[in-house]
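Input: a single structure, listed below in structure tokens.
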């Protein structure tokens, strides 16, 4: 048999071969189910049509409620694409158009004339009227005739000033290109006994002629005055021959496109017939191909109620803003104090939780806690905006614990242990931090557990941990939580008992990157729940999208205030503008200067991408600085270890990407350096918020290239000042260049590709591809590459850089 592993055709392994056949079996099963569904629908349609057929020997129903014909079915399908108010030129009695190359129809000779011998033959194809003062008898005309006309055409009486009468000789003229038509006659013959005959009355003749409405039984006509097309169904009558022209014009209408108020009474039968057609066409299609009905307009009372409710909500929001503004001014007058005079014992929370807070050193509430806790504990949906480092985590962890305690008091028996509180956060580091803080608050609570679900760990281990150690509070990232919901049915059952949903850093979770996952998660949660949203920045778009998870009567708590600065007031904000080739030299210069000034320094350096972060870390490490790195390319165990080390240490530098931007609490950070333009204003605020926490002082420096100065317009309302450019001596420049050279070539190429992708995604830079490639080539030289690395063809196509000069394509 051989000693190697067994393979199947195509080089597949045993498991690949098995999965392939399982996939083919599922595909075949879906096809059989689809075919069976089609047969069922066809049989159902046949039964519906058969049930509407008249019984054998019975007369067809007189209400026209029988099965639809093929012509009516096609007509109903075409009506679906007719826009409201458009004119329909469909004429069901029109036949096929005869082209010029077809033989002309034979002439029809009919007899016209009076009662005596004054009768002669009339050629119907020439459309002439006999001479002699007599009108033609139309009884001999066939119900269908073919003739040629000119288009455009109209009839012209021989004497335009005279009124045509029954004794007056009339003629009509044609001019224009010929067209062939096959139409039904406009008028049928009248009974000879009535002594009345008709001539076609159109254009000017209609204005003064008298007609008998009995001549118009079930036929089509055109009215210049009304401008409508339609079908008029009237009973035969000969008593109205002497009506005036207004009655005649009123009766001569086409009703295909509706009628005025005086016309509506005569079209009941036509509307009934149209309704029958639509009804049977939809039945044949089993309601699968119907137009969507327009939303009905609200009544006057409903509009007034909605308007009154909107005004009531607006008054409440204005009142809340005034209260919050007064409180904010009171705290500002006390000197920007973070804590208030209110103690946690006065907030109505569990004494065991208060005891745990006291042991941790927290006795008084902060501004956001004092404002948001009463509303959260009342069970309302709340959207909270507060500055970074003001105690938002405790403001939603305390209501989460209280919701679990209230749910456990009900003593309801559950088959599985339910999850009462769910906390979602965007990053793994933030989830780990919130889990640790929740464990501190649950120190004296017995029987309440908290766990975290984050990426970077084994899925089976998470399942085993959730089953062996059930929890009531779950902290998770959206991606890993969605994996458990979709792959583990028992986990979805546990979420059915949810009482509280919390979205920390809600603006980021409701952004385009996470919105799809959040929508799927919310769909799997019970609707009867409380939802809390917390963030330091809440743009207008997030306020609008927040309706996906919040109730309509939710409360918006803004502790920042309108027109207030969103960044910590004790943090000094500076920016530097330098050529991109000197950015790495300037970072080293700023770090050396800060280390000399601060004894217990603690610095965070934010880079644009993960690979640029790794490049910066290797360069600074070679320059003998005490530096660590965290970015998305590192395994989760490494990231957790470095995060804990940086949190508990001082005299340390952390080089990181945006994974450390939001929510992570690193106490005692003295300096934040942002290298390159942030992706948006919110990222700048959250990065800067890593320093100046809990009311302490700090410093932030933004390092930009000359072509990145556009970003200053987005933060013009923040107290950012331009700093004096420090000098870089030759010795320092030589040392940095030497450290750049020792970085591995693969890391440099990866940094170039990542830099190009990042700035290509920023609209202000990525619009001009030629300029973007030129800037990328400058960055390439700044990291020690002589020529830009080649891109894969697929990557260049995705980025829109395939034919841009300066881009090298890998062959």
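Using the three backbone atoms N, Cα and C, a Cβ is placed for every residue, glycine included.
Among the residue ranges 284-312, 313-341, 342-370, 371-399, the one that Swiss-Prot annotates as motif 'Q motif' is 342-370.
Tertiary neighbourhood of the motif 'Q motif' (342-370): same-chain residues 327-328, 331, 377, 384, 386, 390-392, 394-395, 398, 401-402, 405, 440-445, 557, 559, selected by CB-CB distance under 8 Å and a gap of 6+ residues from either end. Listed by sequence, the residues of this chain that lie at least six past the ends of the motif 'DEAD box' (504-507) yet keep a Cβ under 8 A from its Cβ atoms are 383, 392-393, 396, 423-426, 430, 434, 533-535, 537-539, 542, 546, 662-663, 682, 686.
Counting residues per DSSP class in helix, strand and coil order gives 18 helix, 5 strand, 6 coil for the motif 'Q motif' (342-370). Each residue in the motif 'DEAD box' (504-507) gets a DSSP state, and the totals come to 2 helix, 1 strand, 1 coil.
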